[in-house]
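Structure first, commentary second.
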Amino acid sequence: MNQPILELKGIEKAFPGVKALDNACLNVYPGKVMALMGENGAGKSTLMKSLTGIYAMDAGEIRYQGKAVNFDGPRHSQEAGISIIHQELNLIPELTIAENIFLGREKTNAFGGIKWAEMFREADDLLKRLNVKHHSRQLLGELSLGEQQMVEIAKALSFKSQVIIMDEPTDALTDTETESLFKVINELRAEGCGIVYISHRLKEIFEICDDITVLRDGKFIGERAVADTDEDGLIEMMVGRRLDEQYPRIDVRHGETCLEVTNLTGAGVNNVSFKLDRGEILGVSGLMGAGRSELMKVIYGALKRESGDIKLNGKTINPVTPQDGLANGIAYISEDRKGDGLVLGLSVKENMSLCSLEQLSKGVQLKHYEEVTAVEDFIRLFNIKTPTRDQIIGNLSGGNQQKVAIAKGLMTRPKVLILDEPTRGVDVGAKKEIYQLINQFKAEGMSIILVSSEMPEVLGMSDRIIVMHEGRISGEFMAADANQEKLLACAVGKTTEQNNEVAA
């Protein structure tokens, strides 16, 4: 194997109450893609922040191109040739695509004027390389979340770096966008660029990566060639044990109908009808832009309903705000936990109890003991890894943030729990814990809607599945009768009847 272009040796970093990195190591080789794997909280993000100078490491050594380095911050590391694509977007919606790509390093002439034509041309070339069908003069805020992620990737490519770190780069991408990204990764690999690829999607790791480095509890566990390992072995390295079946669905006798939606039309939703029983998990599948999240938000009251009926336990409800949804007994866990679900500057306790303050109050007085007791109970139940309940939630790993978001909804004691992409950006160990919690709520008779872009997840955890296409339901299946081919056919517009004709 050739010499590493980047070496991190014995990196240590501690925060109050927790040792985030304990002798962590990473080697990045030119012309190769190194997967950096580990559960949420394993230290992956902390290691990358230590590399780029966001955090000052307590001990260890970083060598880049054979020389010891210690970067003062991301700008310093970028200038040296190391770029990082963060999982959270670092862009400004009110600026154009080109302005976002070249923000802080605009191309100027001898008089200090911005060379707009050159900047737009270079930005357009980057977008074309990533197969993004937008002009760089367009405002970033007009793009979908996945397209904005591609702009973030284009921004990193514009630095012409020797090392590129990609943190969950496909999290918000469609399959087509992911294919375009992989094409670019292969081009970068051929050009000799070293890439660090952080992802919880094991399929992607085995498709695009050459080698794998695993961290667990901040410690270096090992480095392996992808060709020399398999999914089970990788999972065991990550979690320290072998996991049983991936989707632990349980069978529960369903109760009476809890939620009934009839001819519902609203923002992005057209004439949708379905029922949901007590103790049932209803999976909602479909491609990006099919109207899945919009349907959930109309039911919850976050988007406007134009016509149709919503009944909860036989009574018609009319949610026009999220507060109405909560008051009616509907909890919605957003797909965008950082944008809609959590307040990153508040503590774990404050976030978890945010929607339950009325229930936890007597008059205008908050019952602090009851609040603390409830929060501590959920921290234990969900196995949330946090030094204290007063830890700022922005300092937690993605998986632990997601657990807090779900606990926040459950603290309202809902009749219907809507989970929109509940395991997005969550590692395999935390996924298993979330699935087990979902089963527990199901066994207690809660009605659950599971919206997911991962078809195996929908098939593995649901009792019944509806598929959406262009704001309508294009198919409905019992889980036992469904497979990925049927779901995908309905997702692109075929009806259940057409599916059955093809199967026959």
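Numbers run from 1 along the shown chain.
Every residue, even glycine, has its Cβ placed from backbone N, Cα and C.
Summarising the annotation, Swiss-Prot assigns ATP binding site to Gly38, Glu39, Asn40, Gly41, Ala42, Gly43, Lys44, Ser45. With a cut-off of 8 Å between CB atoms and residues at least 6 apart in sequence, the same chain places Lys44, Val214, Leu215, Arg216, Ile221, Met238, Asp427 near Gly38 (ATP binding site), listed in sequence order. DSSP gives Gly38 (ATP binding site) a coil state; it is part of no helix or strand.
Model confidence over the domain 'ABC transporter 1' (6-242) is summarised by a mean pLDDT of 89. Sequence annotations record features per position, and here Swiss-Prot assigns domain 'ABC transporter 1' to 6-242 based on sequence analysis.
Under the heading domain 'ABC transporter 2', Swiss-Prot lists 252-495.
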**OP:** Starting from the Cβ centroid of Gly38, Glu39, Asn40, Gly41, Ala42, Gly43, Lys44, Ser45, the recorded ATP site, name every other residue in that chain with its Cβ within 8 Å, sequence order please.
**Re:** Thr46, Leu215, Ser397, Asp427
**OP:** Take the Cβ of Ser45 (ATP binding site) and count every other Cβ within 10 Å, whichever protein chain it belongs to.
**Re:** 23
**OP:** In three-state terms from DSSP, label Lys44 (ATP binding site) for me.
**Re:** helix
